[in-house]
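The structure appears below as structure tokens.
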Amino acid sequence: MHFSTVDYVIFVVLLVASAGIGLYYAFSGGRQRTTQEFLLADRSMRCLPVSLSLLATFQSAVAILGAPSEIYTHGTQYWFLGCSYFLGLLIPAHVFIPVFYRLRLSSAYQYLELRFSKSVRICGTVTFIFQMVIYMGVVLYAPALALNAVTGFDLWGAVLAMGLVCTLYTALGGLKAVIWTDVFQTIVMFAGQLAVIVVGTHQAGGIAEVWRKAQNGSRISGLDLNPDPLERHTFWTLGVGGIFLMLALYGVNQAQVQRYLSSRTEKEAIMSCYAVFPCQQIVLTLGCLMGLVMYARYGEESPLDKGYVKSNDQMVLYFVMDVLRDLPGLPGLFVACLFSGALSTISSAFNSLATVTMEDLIKPHVRPMTEARATLLSKMLALAYGLVCLAMAYIASLMGSVLQAALSIFGMVGGPLLGLFCLGMFFPWANSTGALVGLVSGLVMAFWIGIGSFVSRMSASVPPVINATVIPDVGNMTTAVMTTLITPKPRPSGVQALYSLSYMWYSAHNSATVVVVGLLVSFLTGPWKEKELNPGTIYPVFGNLLFFLPQRYREKLCCVTPLEDNSKGLDHQPYQMAQKESNGVAYTKEEEKLREEEGEKITAQPTCNLAHTVHETAL
């Protein structure tokens, strides 16, 4: 199976169009001359492009290849992940976005300094950088490897082309280019998947025939209400455990927070989060349909069993080339769809990494610099991370069987970071010592369970069993862990039970570890009181839940200050463009005008909603 000239042309058009969008924004508008425009798109983005970019950011090529394989192998139980999307997007829309947006942050990790201390902020930033650097190399290399294995498409040619084009438009066009290329790439992703489903369904004899074959093959799953957390996929692991996975992605991940902060108003940021919900359901449904069409075509005689491919992620590409072999151009469209997933993910990684490095590691610790120099440095950082991504892709090529473990690191680290933000946002008593110890405990627990389960499965000596296969489990864009062999076995106990925990519970378990340990340490070392904290850094979740208690009891529980008191009504007003001094202090246009008129420096007391961006200054 090989590509035709038309397929290569479509692939090249994708790269050229993506680069063209980046160049357009590099030389139009403000021409990316300020860090505000380069890193936050001048906080001028509308709801629709932001929502499609939110969708594309973690709809990676790994997910496009993984979801249909999952459905083909295990049935439609995975579709119940869609039940977690509702709360997984509603909570970020009404809890995390209001807090981040009203504090006028550039980086999510600025919040950690406002709430705790500079050391907590640096630890959070370093953890995020580690997470994204590991992830972006694998996300670029894995689809190129699958493509090469099935079609003979040049492996390093594809990796270099994607990496360099992505680096080009991210470094030149900034966040605005990243968001608009995400929009274009989302459309390509939908088109590629739809083409395969429509043609495959037609060849299988229609959607009714596809459904009949899937039912006969026991691939249509019912509602599994088994509460056992060791079961890989049940309604509870997918519908409840998936909520924490979604919160780690859409609540506190810098790549997504940056998109919320680029919105014109808080209302548009919230609406973009709502708009992602139906899009996510469509993406999940397309993946499930493709898996069912694959089953209708191959039945139990999978290309993997016959030796045509070596792993599950290659199976989807084999199916695509098999179905579309007589239709020149359509295989190229699906490959463009596949690499659109990779492009949208790694471009978001470059931009978010450049932002946190600039805002959290450089600006607070170097002497004041001009806006032009800060912008140039931000562009150089995006370029540097692009080159790091290519290096990580090369390292990924040397990993072999460790590739899936490297992918799962993304999921391992997301849980502790979610726990850190929840600890700060919902529990006024938590102090910085508790936050640091909690984060370290969460990371230790995450790597212990993640790596321990991987090693125990690789080292387990299991006798050969008929039809037993090792299946890479790409549950979604954040995790990929090796499942156990499909053999009847006794229920594990002790440490083995911990290693057998469903990967869908990783995020919930690790974030809960951070919160519990963080609170225990905080109470032992002296809890903080709400009145001692920076206003606007606590979301009054207990105040809302315990509304029936008298005021004096709620005051003792530190849950009386509503978030709205700190917003001064700005939640429905457009963002007033702030000019940022080189030391990090932000002023509105009105304050700048006052400075010019009075000829004196405004220092200590900006209004409450802006005051806390000054916390990154070196006092």
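Even glycines carry a Cβ here, placed using N, Cα and C.
TrEMBL annotations: computationally assigned, not manually curated.
In TrEMBL this protein carries:
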type	residues	note
TRANSMEM	6-27	transmembrane segment
TRANSMEM	47-66	transmembrane segment
TRANSMEM	78-101	transmembrane segment
TRANSMEM	122-143	transmembrane segment
TRANSMEM	155-175	transmembrane segment
TRANSMEM	187-208	transmembrane segment
TRANSMEM	233-252	transmembrane segment
TRANSMEM	273-296	transmembrane segment
TRANSMEM	333-356	transmembrane segment
TRANSMEM	402-427	transmembrane segment
TRANSMEM	434-455	transmembrane segment
TRANSMEM	503-524	transmembrane segment
Spatial neighbours of the transmembrane segment (273-296) far in sequence, C-beta under 8 Å, 6+ residues away: 47-48, 51-52, 54-55, 59, 63-64, 67-72, 76, 78-79, 81-82, 85-86, 89, 92-93, 97, 189-190, 193-194, 196-197, 200-201, 204-205, 209-211, 213-214, 217, 219, 250, 260, 315-316, 319
Listed stretch, out of 78-101, 122-143, 155-175, 333-356, 503-524, that has the most CB pairs under 8 angstroms to the transmembrane segment (47-66): 333-356
Any contact, the transmembrane segment (6-27) to the transmembrane segment (122-143), with at least 3 Cβ pairs under 8 A: no
Among 122-143, 155-175, 233-252, 333-356, 503-524, stretch most in contact with the transmembrane segment (187-208) (C-beta, under 8 angstroms): 333-356
Among 78-101, 122-143, 155-175, 233-252, 503-524, stretch most in contact with the transmembrane segment (333-356) (C-beta, under 8 angstroms): 122-143
Top partner of the transmembrane segment (233-252) among 78-101, 155-175, 503-524 - counted as Cβ pairs under 8 Å: 78-101
